[in-house]
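Colleague: Okay, here's the structure, questions in a sec.
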Amino acid sequence: MRSFEGGGGKGVNNEGCEESDSILHLVRSAHMRTHHQRSWLLVLAVLSVLFLFFYQTHLSRPEAADRPCVTEAELLIRTTVERLPLNKLMDVERNRLGQLFTQLSDELSTRNSARPPPPPPVRPIYIITPTYPRPEQVPELIRMSQTLLHVKGVHWLVVEDAEKRTESVTRLLARSGISHDHLLAPMPDKYKAKKGAKPRGVSNRNRGLSWLRANATTGVFFFADDDNTYDLRLFEELRSVRVLGMWPVGLVTYTGLSSPVVKGGKLTGFYDGWVGGRQFPVDMAGFGVSVDFLMQRPGAEMPYRPGYEEDGFLKSLKPFDLSEIELKADNCTKILVWHTQTKKNKPAKPLNMTKFANSNIGQLNLQITVEDTRRP
């Protein structure tokens with residue numbers, strides 16, 4: 001009896017424990033399911049926020065019309081909603097969420113399709129700038145880069161008359177963020193050895209023309225010296241050149257300007273302080289040429305003849321008629337570029353490193369042109 005009672009008592013206790021464990025398990029399972037559902041709902045809420053953020057960011061970008069990637073975000077949200085392990089009572093809420101995302105997707109897609117199409121790509125402008133190492137080189141190029149930063153679709157060809165690239169110029173170009181190529185084109189020795197005026201900038205500009213023939217397919221180019229001052233309106237005038245365009249240039253010779261002479265809307269001649277028998281007495285900054293036209297003139301180049309560089313280059317573009325020259329800057333009534341010419345400076349004296357050792361002056365000294373005392 002004792003044994004039976006003992007055995008029976010033990011069995012009853014086990015059954016009670018099992019029932020308690022089952023109830024506890026059910027409670028815990030229910031709690032875990034509720035917690036699990038809440039977790040998924042939290043995930044869903046986060047994804048909803050990300051979904052909205054994605055759409056708003058996408059719509060705010062100009063190129064959004066060209067990249068219909070919104071369906072990927074919608075698919076991600078829908079898949080997540082469908083996979084939520086919710087009970088039947090939550091299925092209704094899940095369906096409502098699905099409908100909500102469908103409505104949201106339709107609304108935002110409609111807004112996206114209503115956006116105006118992106119503007120067409122601008123016609124490229126190639127700026128050929130001859131330069132050479134000197135105290136004013138970096139300041140002049142800094143000033144010019146600040147101008148070009150405001151010009152869309154520009155590619156800057158900075159061509160140095162030097163045997164190797166000037167490091168400060170290389171750093172400047174990289175820092176500017178402007179699309180560019182840093183090229184070298186030293187003047188041939190035979191012209192350096194000649195007495196008198198030198199054909200400065202000719203090798204640089206011809207190197208730029210060679211680059212265009214090898215790399216460009218369309219657009220317009222312009223010989224832009226680094227010592228000029230440019231009105232931003234000039235570049236839009238330049239961009240519209242179809243063959244050969246011309247415009248006035250201020251501060252050239254004692255006459256104060258160089259310009260085509262226009263009467264009745266037609267080109268009748270040229271006004272310049274020095275004609276010198278030139279057929280085209282114009283300043284280097286006074287004309288722009290289309291790349292397409294250049295490609296049709298494979299022999300066009302600038303001559304190594306001081307004072308006749310512009311005239312010789314324009315002659316090499318022939319045949320063309322004067323009536324084909326496009327008169328820009330409001331029929332050549334506005335000056336949009338000035339031949340300002342920065343004052344030349346002598347190289348700085350060598351730094352006294354003993355006096356200024358371990359100071360900032362040593363670092364600053366590396367950023368300027370210093371006289372080379374090793375020269376005979």
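Using N, Cα and C of the backbone, Cβ positions are placed for all residues, glycine too.
Nobody curates TrEMBL annotations by hand; they come from automatic prediction.
Per TrEMBL, the feature transmembrane segment maps to 38-55. What TrEMBL lists as Mn(2+) binding site is ASP227. The feature active site, proton donor/acceptor is assigned by TrEMBL to GLU310. Here TrEMBL flags ASN331 as N-linked glycosylation site.
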Colleague: Quick one: give me the count of other CB atoms within 10 A of the CB of the residue listed as 'active site, proton donor/acceptor'.
Modeller: 21
Colleague: Across all the protein chains here, work out how many other Cβ atoms are within 10 Å of the Cβ of the residue listed as 'N-linked glycosylation site'.
Modeller: 14
Colleague: Give me the Cα-Cα distance between ASP227 (Mn(2+) binding site) and the residue listed as 'active site, proton donor/acceptor', rounded to a whole Å.
Modeller: 17
Colleague: In Å, rounded, how far does the Cα of the residue listed as 'N-linked glycosylation site' sit from the Cα of GLU310 (active site, proton donor/acceptor)?
Modeller: 21
Colleague: Is ASN331 (N-linked glycosylation site) helix, strand or coil when read with DSSP?
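Modeller: Note: ASN331 (N-linked glycosylation site) is helical by DSSP.
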Colleague: Once the DSSP letters are reduced so that anything not helix or strand counts as coil, what is ASP227 (Mn(2+) binding site)?
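Modeller: Reduced to three states, the DSSP call for ASP227 (Mn(2+) binding site) is coil.
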